Amino acid sequence: MRLSKLVLALLLQQSVLASRPAKRHYDTHDYYVLEHNPSADASLDECAQTLGVEVVEQAGELQNHWLVRTTKQQLSSRDSQDRVLRALDAIRARAQSPTYSRSEDGHLSRRVSYAVKYLSRQELRQRVKRAPPPISPGSLIDAPTAQEVAEQQQILDPEFTKQWHLVNDDYPQHMMNVSALWEKGITGKGVITTLVDDGLDYNSDDLAANFYAPGSHDYNDHTDLPTPKLFDDHHGTRCAGQIAAAKNDVCGVGIAYDSKVAGVRILSGPISDIDEAASLNFGYQEAAIFSCSWGPPDDGRSMEGPGYLIKKAMVNGIQNGRGGLGSVFVFASGNGGRNGDQCNFDGYTNSIYSITVASVDFKGLHPDYSEACAANMVVAYSSGSGNYITTTDVGKNKCAHTHGGTSAAAPNAAGVFALALSVRPELNWRDMQHLCVQTAVKINPDDPDWETNAVGRHYSYKYGYGALNGVEFVNAAMEWESVKPQAWLEMPAIQIADGTMDIFQSATGGETITQDGLTSTMQMTEDLLEEHNFEALEHITVKVWITHTRRGDVEVELVSPNGVKSILAAKRHGDGANTGYPGWTFSTVKHWDEDPVGEWTIRVSDQGKEDQSGKFLGWTMTFWGSVIDPQQAKTYDVPVLEATLPPLYDNNDESPSTTTSTLEPTSSKQYPKPTEHLPGDHGEAPGESDKPAFPGSGDTDATKPVDDVELPADPSPSATHTPTPDEGWFSDLSNLMTNQVWFFVALGAVALFAALAGLFFWRRSVRRRKNYTSLPAGDDVAMSSVGGARSGPRSKELYAAFDEEDDEDADEETGLRRGLGESPAGLGFHSGFLDDDDPASAGAPLTKYKDVPDHRDAERSQSPASGSGSGDWEHASQEHAPHS
Ligand SMILES: *[C@@H]1O[C@H](CO)[C@@H](O)[C@H](O)[C@H]1NC(C)=O
């Protein structure tokens with residue numbers, strides 16, 4: 001019986017895997033993603049039937065995730081509950097209700113609720129290209145010819161000599177430097193790059209020979225071929241041309257002109273999370289590189305990242321893509337530099353799984369549109385100072401001369417990676433990152449944005465580790481020995497003055513942020529590293545919980561034990577959001593290879609305005625790097641719930657699989673057409689090499705350390721403040737009770753019920769966990785069921801809360817409740833927190849800061865409190881308002 005079920009499931013899966021994605025019909029159907037627990041009793045079909053949905057296919061490349069659908073529902077405002085999610089809620093309620101316990105129905109409900117690990121409704125949203133609009137080419141500068149290279153290598157492409165990014169006659173020190181590799185026959189053979197974009201003109205004479213159809217798909221129009229159809233669907237084609245335009249007599253050549261390109265079209269209309277997730281894994285056994293020149297708006301006020309399924313797809317990509325070597329994700333850093341935007345407010349560019357590429361222009365200057373942040377890994381050449389990128393355009397024999405932005409920087413980097421993988425196909429995704437760090441070339445050595453990090457490398461928020469250089473990169477790749485598997489070490493979260501944030505993003509506790517700033521420290525020890533099989537540091541991610549009435553005023557920085565500082569958030573003049581940072585994750589690559597042992601200090605400050613203030617509630621950090629012992633390497637799993645403080649569980653744990661559902665659209669907004677986001681004159685973008693990216697940041701002298709309040713029942717001697725990462729917050733019942741007190745107070749009677757129910761099922765699941773190795777999923781987080789039992793806005797928030805950091809509109813709608821979140825302090829639970837202040841130690845840890853260049857102080861005194869960029873935020877928001 002069981003066996004036959006298994007065989008059936010396998011067969012089903014096989015046939016699904018072999019076929020192309022089914023056509024979606026969002027106009028007539030509602031789509032959901034259902035994660036099925038294969039070890040559960042209820043089969044997928046049984047679950048689908050019970051929920052009233054039909055199974056379409058496996059959801060992209062995510063195992064045990066299924067795209068399911070039902071006929072479209074009219075959601076009136078009065079009855080705004082989604083039928084399918086309501087059905088799941090009812091099933092869960094029945095599964096848990098004693099009334100039904102013996103009935104047939106109760107039995108079925110229990111089996112189904114164990115089997116459905118996750119269910120979310122798919123909404124369409126628009127991703128934003130980092131593209132230039134078609135602009136008048138009146139001001140193009142004709143670069144002098146690269147005639148010699150063309151003659152030596154018989155390059156007949158008529159526009160080759162205009163491709164200064166390949167051979168720069170004016171500024172020969174500034175180019176991708178790949179022609180010497182071509183001479184050696186390194187031209188990208190055998191490597192496939194997927195352009196996740198707005199299509200790819202495979203009929204172009206410049207691309208036809210190098211087009212890889214099996215790896216291509218159109219997720220906007222649900223067809224196999226990624227045909228550009230809209231008037232401005234030229235972005236993907238231009239990016240593809242930079243990588244793989246053929247060496248022939250059309251336009252110019254690509255950096256890896258014998259490599260292949262596939263096109264996955266997602267930017268030409270709204271797209272659901274699961275289709276975006278699938279697109280990032282499309283054909284990922286064959287394709288090595290996924291070049292992504294898009295993301296959330298670059299308006300200097302958005303803060304958005306990939307949703308759960310998309311994150312999962314990225315993790316799936318690096319773990320399982322390319323036969324386990326991992327997909328190489330390349331992301332454009334963003335074009336919002338003029339809006340004061342920073343790539344650390346974009347969850348794609350600051351993902352550790354992506355190589356983030358910013359721009360440098362043909363003179364080697366930093367163009368003002370290119371975003372700075374501590375997640376920038378390298379720069380590649382693109383538009384600015386009066387020059388653009390020349391590449392293939394849509395059409396049979398067409399050439400584009402106005403391409404640019406960080407959109408064009410990312411494919412130039414992808415082209416170099418393709419060259420490297422053509423000679424070393426066995427290098428993994430992290431090898432490519434290491435090679436970036438090690439071989440990027442320092443440009444503009446006098447730029448004050450450069451700093452020397454703890455291992456003697458140069459790092460800049462504007463340039464990352466420097467300009468990517470083909471010859472340097474590929475030569476190093478030829479010798480490179482693969483790094484050991486990835487290790488990670490998630491530190492226990494520190495709660496500041498009992499700071500908490502629940503799934504509704506309601507906050508309690510925390511300490512008021514001041515202009516002088518608050519600091520908090522975390523201790524990394526040799527023992528912890530060893531315990532976690534952690535050898536050498538690569539990325540660091542830092543998650544913060546901060547409430548603030550004006551997010552753009554908040555600055556966050558991290559200082560290493562060796563005194564190296566990473567600015568994670570500098571002021572953003574345009575960011576007036578009142579949502580703070582509800583568990584937002586920043587990242588930094590600046591500490592690569594640094595010895596992490598010792599005290600890490602976070603500093604949070606604001607402008608000290610009375611009417612714009614907030615609280616620092618807590619933080620945590622995760623160290624990513626390589627393992628000591630490859631035999632003991634673990635596989636990372638993306639947690640469903642990430643944004644609560646204290647965290648509900650951590651990754652090293654055998655995490656309970658949490659079921660969430662999204663009732664309402666998490667994003668009803670349509671992003672404006674992406675071409676709006678790159679300044680129209682990006683080719684004319686003034687460049688500079690004499691300004692720090694974040695002037696005014698780093699005034700740390702007066703910072704006041706907060707005493708990190710110890711959590712109840714702290715079981716760990718190895719970390720000073722909190723339990724070791726392995727011991728989740730729910731390690732025993734009393735711990736749970738204490739930690740949940742905030743929850744009871746904040747949410748009142750209804751929520752009290754929710755918490756009790758949660759507690760009840762948590763206890764059950766703990767009991768279960770002792771008895772079984774794998775935990776049935778259905779009843780771990782009963783909150784969504786409880787939420788579903790209520791109607792109206794409350795339950796909507798409940799669902800939306802699972803979607804954390806994702807959405808500004810939702811944030812705005814629920815801002816009210818967040819504002820109320822701090823009220824319980826009046827009840828006396830946290831009244832003692834100020835006692836923990838110790839003025840005597842104020843500023844003490846900060847004397848170690850060593851990497852603030854002296855002239856910054858001078859600059860600061862000239863322009864007090866000036867953020868990056870200029871202009872007022874009203875202007876920025878107007879710009880954002882009525883697009884398209
Ligand atoms: C490009 O590579 C050559 C070696 O082939 C090197 O001599 C030259 O300096 C490099 N140019 C740049 C701009 O790095």
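Note: Cβ is positioned from N, Cα and C throughout, glycine not excepted.
TrEMBL assigns the feature region 'Disordered' to one of the listed ranges (295-314, 515-534, 575-594, 775-794), namely 775-794. Across the domain 'P/Homo B' (483-629), DSSP helix (H, G, I), strand (E, B) and coil residues number 9 helix, 76 strand, 62 coil. Counting every protein chain shown, the number of other Cβ atoms lying within 10 Å of the Cβ of Ser407 (active site, charge relay system) is 36. Each residue contributes its Cα atom, and for Ser407 (active site, charge relay system) and Asp197 (active site, charge relay system) those atoms are 10 Å apart.
In the three-state DSSP classification, Ser407 (active site, charge relay system) falls within a helix. Note: the Cα of His235 (active site, charge relay system) and the Cα of Asp197 (active site, charge relay system) are spaced 7 Å from each other. In this structure, Asp197 (active site, charge relay system) is part of a beta strand by DSSP.
Cβ neighbours of Asp197 (active site, charge relay system) (same chain, under 8 Å, six or more residues apart in sequence): Lys129, His235, Gly236, Cys239, Ala240, Gly263, Val264, Arg265, Ile266, Leu267, Ser291, Cys292, Ser293, Trp294. Secondary structure at His235 (active site, charge relay system), taken from DSSP and collapsed to helix, strand or coil, is helix.
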